[in-house]
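Colleague: Here it is, the structure in full.
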Amino acid sequence: MEPYDRDLNVNQDLRGFTLGYGLAQLFGLGCVLMVVVWTSHYFGGFSGPSNPKTEFNYHPVFMVLGLVFLYGNGILVYRALRSERKSRLKLLHGALHALAFLSSVVALKTVFDSHNLASPPIPNLYSLHSWIGLLTVILFSAQLLCGFVAFLFPGVRQWLRAQYLPLHVYFGLTIFVLAVATALMGILEKLMFVLKGNYQTLPGEAVLGHMIALCMVCFAAMVVYLATRTSYRRTPLPEEATLPLQAHTPTD
């Protein structure tokens, strides 16, 4: 058991957790599936660098998959799988965030390709969406690196881990909210670019885009709620109470 776990007097009450977690998965998977349909049906599908316009469509898919769905589920690992050993949860938490990082790299490559390979080329990093998006990816990368060093790298002192933990939890949720906000701006930007004056008539691609945005907001709200409600905290397993001190993990 962690030294700072011993001071926590958590009255665990899991009523509503299963429903909330199920709704979160429903909203999250709905976002990913609808983005795939949105880009394939209304915006020409997917291709490689030979067609920059449709290569761009990988960008929203991989960003929503990585920095929204996988990231959100990585945050919830400790509460969703509370009966698993902490060492396994720690590895799964890191793996989901690593996959989210790889997805964001693919998404960034495709958007830069779609701009640089267009004829004529499209300027990069000129919109508010791109600025906040790049900031979010940089912060997420730093968070991933710091989390790996603090909680998985051997030799880090326990008191340093304890001091860093609140920052790790705070920035984890903050960056997640930033990622969702950036995705919402991206949906709006795409609709305005494509529809221009027809946006006010609310055609099919606009309706589906709005549904994606609503599902994303609901998913984010459920993730933040489930991750911050004290009564949903994971309590150490009986066998963990006799283990040597180890790293406390985010949202544990």
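The backbone N, Cα and C atoms fix where each Cβ goes, glycine too.
TrEMBL labels come from automatic prediction, so no person has curated them.
In case it's useful when we look at the structure, here is the feature table from TrEMBL:
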| type | residues | note |
| --- | --- | --- |
| DOMAIN | 23-228 | domain 'Cytochrome b561' |
| TRANSMEM | 21-41 | transmembrane segment |
| TRANSMEM | 61-79 | transmembrane segment |
| TRANSMEM | 91-112 | transmembrane segment |
| TRANSMEM | 132-153 | transmembrane segment |
| TRANSMEM | 165-187 | transmembrane segment |
| TRANSMEM | 207-227 | transmembrane segment |
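Burial and contacts for the listed features, if you can.
Modeller: Beyond the ends of the transmembrane segment (21-41), by six or more residues, the same chain brings 57, 60-61, 64-65, 68-69, 72-73, 76, 79-80, 205, 208-209, 211-212, 215-216, 218-219, 222-223, 226 to within a C-beta distance below 8 angstroms of the stretch.
Remote same-chain partners of the transmembrane segment (61-79), defined as residues 6 or more beyond its termini with a Cβ less than 8 Å from a stretch Cβ, comprise 17, 21, 24-25, 28-29, 31-32, 35-36, 39, 89, 92-93, 96-97, 99-104, 106-107, 110, 133, 136-137, 140, 172-173, 175-176, 179-180, 182-183, 186, 212, 216, 219-220, 223, 226-227, 232-234, 249-252.
Remote same-chain partners of the transmembrane segment (132-153), defined as residues 6 or more beyond its termini with a Cβ less than 8 Å from a stretch Cβ, comprise 63, 67, 71, 90, 94, 97-98, 100-101, 104, 108, 125, 160-161, 164-165, 168, 171-172, 175, 178-179, 181-182, 185-186, 247-250.
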Colleague: Short question: which residues 6 or more past the ends of the transmembrane segment (91-112) have a Cβ under 8 Å from it?
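Modeller: Residues 55-56, 58-63, 65-67, 70-71, 73-74, 77-78, 81, 124, 137, 140-141, 144, 147-148, 152, 249-250 contact the transmembrane segment (91-112) from elsewhere in the chain.
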